[in-house]
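**Student:** TrEMBL lists A:56, A:57, A:58, A:59, A:60, A:61, A:62, A:63 with the feature ATP binding site. According to TrEMBL, the feature domain 'UvrD-like helicase ATP-binding' maps to A:35-315. Per TrEMBL, the feature domain 'UvrD-like helicase C-terminal' maps to A:316-626.
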DNA sequence: GCGTCCAATACTGAG
DNA sequence: TATTGGACGC
């Protein structure tokens, strides 16, 4: 938003009431957005004054209610668009809400300018008041990577062994302190002692350092605003008058800092409407306090509580399964979701031998759903999603889908701006905008390589520190003092000259402009502004990437003697990096200048590219919150993976309950078809590990679940591996062995137990196909064996189920017996 | 100062 | 297994 819009907004807040009433009269329009709301939703929409807590279960139309509420505020003239503050957690949610408000209101009313994430709104505010916390309004926002580099410098300077005390750990601590709105001086003694007793000290140093760098991290955005509101009541009052109506999405995910920020803003008028679902609180690990939602009534006395309990999203079975799982949690606010939808498919459950098998099966399943075999209506790829617990699970799906040519998109993978080349390019842009951005300077001073490595940087840094100036000024001093040698001596002046030239091109010539009467009254005598620059920011960006030699550094000339020969990439990923840089430059088109762009990148830019082609979505359960799909796959339901071992170790029962909510979120994303799966074995760090099915599997109510049989074994009689291979019609031993052992995995046995206890039909002849456990796991020293991955080998030693095997090709390994097949029983199958 | 090799480490998760 | 960072050699 431009400066002028902001001024407008301030004026709006101070409009006389009579004029507002006039606006209301003129704005008395039809209210079509109220049609189709159920009584609860309608109540939530129409209760405009005073605190409202909307407890909205999954799929109960909460976004609909929220957007209708905004439309209602505006249409009835209660508020002008700039008097409404609407906060979300993710960019995606903000975008969605913007679109929907726009659609409800048509062209009639401009969207709500103060609709955004906590972070983006805080940046806007902090730019206005930066000086109150010792920053300039053009401060830079550091991402996690910058943050860790900076911390590392401080840690090393303190003489701490950063091996034993990693910077990441400190970053995590500081982040959690900021989430709880603890500034260094307010840090409880119990916390300050963390990190080898130096946590508090380093936190203070870090904040000082950020201030001198004119920078802040994500956590600071909120923390600084809370500090400002607390120390400068006049500023707070301004915003309280300004934001007459506040709406908050996903309230269950607010951390203490966000909660304080909201409470301060709403304290005067109390027109705050929070929407949340305690059952979907899945961000405890980053400081979210479910307590915030539980104590809403206490904080805002007389709050109206509206429960949205009718689910419009999922079938009866899906809802039943989700409710069954979440019922295992204690201390819920207690909502009872219901649906009028009847019938539909049960939640499907299937066990697999390993993660690859699971990926294969899901790939096949997606293809058959897509083509509508099995008499079902075809489902488009856009309507299917795979939701995983941890991002590393995505890999097996990507691999598989690439081999079968199934189009997919990964949502929320490594963010666009976190990529190496984007960060490098951004560092150049940051320097062009502000020459004293030391972090950016350090990043690119020797990128591409120009002979300015550690030693030169140390000299520059010493010169800068010694004179209390920025690195670029320090560099100039170092040059003056002739402190540099070799290549550095010639390259550094060139770099500085380029940077200064680019900086000069970010703006036009300085010229005197007219002083308004208002300014004159405030003793402004004269005023200068920069004119239009000679080159626009897009040309400038291209110029920087080109002249710095950055783009060229990814390529080498095919033929050094022929200048026209096509350059060839130095690494295989170079062309991709170049594409990303092009995309970066293209994104610049939407902005007026580099500065505006830099902010957008840091805070908003994600890589959910709106792509026209149909694709299956792959994402984490966290990223899936707020989304819905007709068909959802939930793989990897294994204890340790989901629920995550780490979560349980760190937070015990609390952690387990959060995992359970995550399961609830996952199941409730599905509209029609929900398929849960687990694998008995999975590669972790390249090592095979076996696991039991998730305890959440056992919590699924049986009447809502259908158990599927793994493929390939229907109706065949087989008693040996060889027979089975014949039965499978394949000569692939790997596959046959894998299939056979499905029936040995604990998960499979548990499935079977469940089936037989309910008197359900078992997969035919499965008993016969179970390879005798003894045959699989008892080996003798000297025996020849075969392993899926390592090939043939000889048993050297046996310790319980762990075997030392000397493989012919792969060398000596320790493996678990169940991964081995006796070489004899493997037969003479050719490989 | 730069490149290469080896060892340690990582895989919860968002802005 | 993939990546990364530090030690080491040129």
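Any Cβ shown, glycine's included, is placed from N, Cα and C.
Where the annotation comes from TrEMBL, it is an automatic prediction and has not been curated.
Give me the structural setting of these features: burial, nearby parts and distances.
**Tutor:** The secondary structure of residue A:56 (ATP binding site), as reduced to three states from DSSP, is extended strand.
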**Student:** Within 8 Å of the centroid of the Cβ atoms of A:56, A:57, A:58, A:59, A:60, A:61, A:62, A:63, which other residues of that chain place their own Cβ, given that this set defines the recorded ATP site?
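**Tutor:** Counting only non-site residues, the set is A:277, A:308, A:311, A:312, A:313.
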**Student:** Over the domain 'UvrD-like helicase C-terminal' (A:316-626), what is the model's mean pLDDT?
**Tutor:** 86
**Student:** Give the helix, strand or coil assignment DSSP yields for residue A:61 (ATP binding site).
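**Tutor:** Looking at the DSSP assignment, residue A:61 (ATP binding site) belongs to neither helix nor strand, so coil.
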**Student:** Output the one of A:56, A:58 that, of all these binding-site residues, has the highest number of other Cβ atoms within 10 Å of its Cβ.
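**Tutor:** Of the binding-site residues A:56, A:58, the highest Cβ count within 10 Å belongs to A:56.
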**Student:** I'd like to know which of these binding-site residues, A:59, A:60, A:61, A:63, is least surrounded, judged by other CB atoms within 10 A.
**Tutor:** A:63
**Student:** Ranking the binding-site residues A:57, A:62 by other Cβ atoms within 10 Å, which is at the bottom?
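**Tutor:** The binding-site residues A:57, A:62 were compared, and A:62 has the fewest Cβ atoms within 10 Å.
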